[in-house]
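S.K.: Have a look at this one.
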Amino acid sequence: MQPRHQPIARDAMAYVLAGGRGSRLAELTDRRAKPAVHFGGKARIIDFALSNALNSGIRRIGVATQYKAHSLIRHLQRGWNFFRTERNESFDILPASQRVSESQWYEGTADAVFQNIDIIESYAPEYMVILAGDHVYKMDYELMLQQHVDSGADVTIGCMEVPVKEASGFGVMHVDEQDVVTAFVEKPKKPPHIPGSPGMALASMGIYVFRTALLIEELRRDADDPDSKRDFGGDIIPHIVKHGKAVAHRFSSSCVRAESEPVPYWRDVGTIDAYWQANIDLTDVVPSLDLYDRSWPLWTYSEVTPPAKFVHNEEGRRGSATSSLIAGGCIVSGSSLHRSLLFTGVRTHSFSSVTESVIMPDCVIGRGARLHKCVLDSGVIVPPGLIVGEHPEHDAQRFRRTEGGVTLITQYMIERLAD
């Protein structure tokens with residue numbers, strides 16, 4: 001099904017902030033930015049924000065990159081190169097390039113937009129949709145744009161209700177009966193409760209809609225402020241809340257979900273445990289996130305690979321997979337998989353077993369190896385007979401084991417085993 005084309009969305013430009021590392025993902029982001037981390041057996045995390053924009057009818061997109069951007073840029077060049085200028089479409093990759101000052105990279109989220117004002121002005125969009133490139137969710141930005149226009153707001157802020165105990169990692173806001181934001185605090189130590197909803201706080205999703213002219217005015221004002229940290233949540237939004245009109249947009253009103261998804265789905269996947277859980281959840285019979293919804297497809301780069309292959313059918317040496325997602329190019333040779341994800345080009349050898357694990361592209365699982373509750377970085381070659389996930393203390397000595405019992409394995413860790 002082709003994405004819908006909406007008038008307001010065609011007057012908008014999406015600007016994706018994709019320069020962050022995501023340090024809580026540890027070694028998974030040693031070689032790549034968090035938005036470039038693989039997800040769901042085939043895609044990258046950034047594909048969710050980009051697909052939302054495309055499916056919402058937005059045809060001008062910019063992506064600001066900074067930290068270890070090669071993997072991300074390569075993915076964008078391969079998978080998002082179908083925009084055409086003759087159809088008034090554009091897709092710009094915007095690495096930090098010292099466009100404003102020769103001594104500065106992007107200093108913050110607002111600065112990552114400010115340094116590319118000339119590019120934005122050249123396209124002259126009526127509206128700007130500012131997005132974070134490191135969250136997993138499905139959302140129709142057209143509905144948020146419509147609310148922004150109807151309310152006459154200076155900025156519309158995407159928000160959702162979260163437990164107070166989790167809210168200190170977000171920007172938290174107070175709203176009145178019309179959802180006008182009356183106060184905004186970035187990452188408070190003691191987040192305030194929502195009136196009438198004890199234990200819950202209204203948290204910013206890092207999604208903002210502006211009229212372009214007002215956004216540029218605010219960015220220039222902020223750039224002249226010597227005390228600013230050049231951040232949307234810390235500087236731009238609080239200033240507008242105080243001096244203008246900020247309106248909250250409830251995620252529940254624009255979340256795209258199938259009938260099998262009763263609760264709006266949004267995940268930060270900012271820790272190894274959260275990343276593992278979000279991927280493993282996809283193996284459920286009815287997952288919380290539906291990747292098979294043809295009305296709202298997840299667009300990504302599709303590598304040219306042969307179909308997945310399962311070989312051997314002997315007792316104890318049967319190539320099989322249950323409750324699992326297996327990408328193209330994988331060969332499951334006389335091994336068993338359960339509740340796991342295999343990304344492109346993975347090879348599992350005879351008598352090995354993989355359970356409740358996330359295996360990134362081009363990994364090789366050696367003969368007789370047993371992996372349980374693991375996350376393998378790309379290109380890991382597991383030696384024959386290696387056992388992980390059955391002896392926690394031993395695993396913690398060799399690999400990175402989380403509080404949730406997930407073991408992260410990289411090729412460097414494997415090579416150290418021989419020392």
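Glycine is no exception: its Cβ is also placed from the backbone N, Cα and C atoms.
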S.K.: Looking at alpha-D-glucose 1-phosphate binding as recorded in TrEMBL, which candidate out of GLY79, GLY171 goes with TYR106, GLU186, LYS187, SER204?
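M.R.: So the alpha-D-glucose 1-phosphate site in TrEMBL includes TYR106, GLU186, LYS187, SER204 plus, from the candidates GLY79, GLY171, GLY171.
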S.K.: Could you pull the average pLDDT for the domain 'Nucleotidyl transferase' (15-283)?
M.R.: 94
S.K.: Within 10 Å of the Cβ of SER204 (alpha-D-glucose 1-phosphate binding site), how many other Cβ atoms are there?
M.R.: 25
S.K.: Among all protein chains shown, how many Cβ atoms are found within 10 Å of the Cβ of LYS187 (alpha-D-glucose 1-phosphate binding site), not counting that one?
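M.R.: Here the count is 14.
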S.K.: Where among the binding-site residues TYR106, GLY171, GLU186 do you find the Cβ with the fewest other Cβ atoms within 10 Å?
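M.R.: Looking at the binding-site residues TYR106, GLY171, GLU186, the Cβ with the fewest others within 10 Å is that of GLU186.
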